[in-house]
Structures are given as C-alpha cells and as structure tokens.
Amino acid sequence: MNLRELVSALNDFASPALAESWDNVGLLVEPSPPHTVNTLFLTNDLTEEVMEEAVQKKADLILSYHPPIFAPLKRVTWKTWKERLVVRALENRIGIYSPHTAYDAIPHGVNNWLTKGLGTCTSVPLHPSTAPGSPAEGTHRVEFCADAVHLDAVLSKIKDIPQISCLTTLPARVEGEEQTRVSLNCSQKALLEVVALLSQNSLLYHKTEILLLQKPLLPHTGMGRLCTLSEPLSLAATVERIKGHLQLPHVRLALGAGRTLESQVKKVALCAGSGSSVLKGAEADLYLTGEMSHHDVLDAVANGISVILCEHSNTERGFLSELRDALTIHLQNKINVIVSEKDRDPLQVA
C-alpha cells in the first residue's frame, strides 16, 4: 500500500483531530515518495533497540503509540538517541507515525481495552470529545439587523476586530423596513469588543442576538473512562483482575482513607498512561492508571479513593495485540501488521 494511502486509512481509524492539543500526532517521519508499505510495525515506545528490530524485520512504517519526536528537534545528528532514530529511519526508508492521545479517545482504543480488565461493566468518557470542526470557528455567533445609514460604518469597525470569522450579510425586512441582517462568528475575547461596539447604538444593540456555539459531543469518545461494574468486587479481587489483564506480577496500591482490601469497588475511574489531570475530581471508589504524582495520590486517598498504579506503559502496551488485529481488518489484509518483541517497560523491580 502506498504510504499516503495508508496514512489516510490510519487517520480514518482514529482522527488526529481527537488528540489533545499539546500532542504531536500523525506522520512524523516520511521517506521520499513514492514509498510502498508492505510491513507495518507496532510499538508502544520507539527506542533504539526497537528501531533495530524494525530494521531487521524490514518494516516500511513504524506506528509508535508514543511520539518519538515531541519537543522540536533543532538538528538531526548522531549525537542524541532521538536524533539517531530519525537518521536510521530515513537511511532505511522507514516512516514513523504516532497516534498517541487519538487512540486514548476513540471508543475502540487504549482506554476501552483497559476497561476489559475490570470484567463486565459499562463505561463513559470522563472528558467527552466534541466533534472536530463543528461549528467551524469561534465560540459565539452574533446576529443583528442594521439599516443602510449605519451598516457600512458598523461593518468597517467590525472588520478591524481580530478573531472574527464567517461574516455574512443578507437582506431582511424588519417591521416593514428594508434592512440588512449581519451574522458573524467570534471568539470569547472578540465578543466583548463586538458587544461594546454595538452597544454604542441602542437601535443596533436591542436587535442583537448572541448564540453560544456548542460543538456536539461524540458518543463513547473522549479521555479517560468512568466504569460501573455490573457487580461490586472487593478491592483485593479487583487488583487480581487488573494484574491478570495486564500480565503483571505486581502493581502499586494506595488504600483510600477508611478502606481495606475487602472494601467493595463499584465505580472505577481509569486513564491509560499518566492519569493525574484526567482523573482529578472524578467520583469513584478506585483510580486505575499508570502513574500519578505523589500529591495527587495523597489527595485521592484523603477523599477515600484507592489508587492502583501499574507504571505508565504497562497500561498501554497490551493494547498493541488488539490493535494489530483491528488494523489488519481495517486495512483489508493488504499489508503485514506485526508487534514489536523488544518493546518493554523501562522500569523493573530490583
């Protein structure tokens, strides 16, 4: 499959628009075109050891869940390991693609896979995603009617205000008079300037309508999950289920104030990777994530919420096998999809 065709298919599987604004997702390294992909290589982290594996297995495109290029590179030399990844990728004509938080958000993504470790449950996103690009621009729509005497002067001043978009005018008949209906989208900051301008003319101001532009929520899509178990479990049993799902010999556990291993768990708030910001304030019996800051753990415990930490990538890596099968179907068996055998969590218990 041609690389650009494959990237389009990957973007259809999980739109990069669903990723967090701070993230760096999509095609990060592109060999000179045309570039044909026969083997797609999946990894959670792209390390130098994993890159060597990809070269040996003749990968044409690496899908690295975590973006190996995050902070901007000022040069591409042999000096640092991330620069060397780019050099080796280009020398061996291997592209690099990263979905990261787009895969966190989608209904068939990483967080959905993590919920399966809890057994039968229903789940909803903790922070639902909104439909990308709808409405197109702005936070508010302002509509007002103006007569020919005031129209040109008002439009001239409005066009000088930054962050105004979708400005349209249409003929309108108001109380038997021929007027012009003006409609515009604007940001929260620009709204204050538009209202201040229109309020200078009482006739314009009293004919003004302001609408809040709300993007529709996407079903089952967003960051984190709040899971309600079909039947309550003891905390001890929940720990064992999670260890089994993640294939871990141990996890770290903080007991919520007043809780024991026999305390019942009905609601679990979870987030793959680093969950501090996503889980903060969620009402649950248990927080499940890879890592949290010390003080966020203390806050949860003080509020009677137990915390299970599994290390960052341990809450993500197991998803790759499920992803391999899903992408094989999505790509209509046109390419060979394989999972890294060298990718592993960097932390071990000594």
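Any Cβ shown, glycine's included, is placed from N, Cα and C.
TrEMBL: automatically predicted annotations, no manual curation.
TrEMBL annotations:
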type: BINDING; residues: H66, D104, H312, E316; note: divalent metal cation binding site
Should one count Cβ atoms within 10 Å of each candidate's Cβ, the binding-site residues D104, E316 would be headed by D104
Considering the binding-site residues H66, H312, which residue's Cβ sits among the greatest number of other Cβ atoms within 10 Å?
-> H312
Surrounding the recorded divalent metal cation site, with Cβ no more than 8 Å from the Cβ centroid of H66, D104, H312, E316 and those residues left out, we find N44, Y65, H100, V110, A272, G273, S274, G290, S313, T315
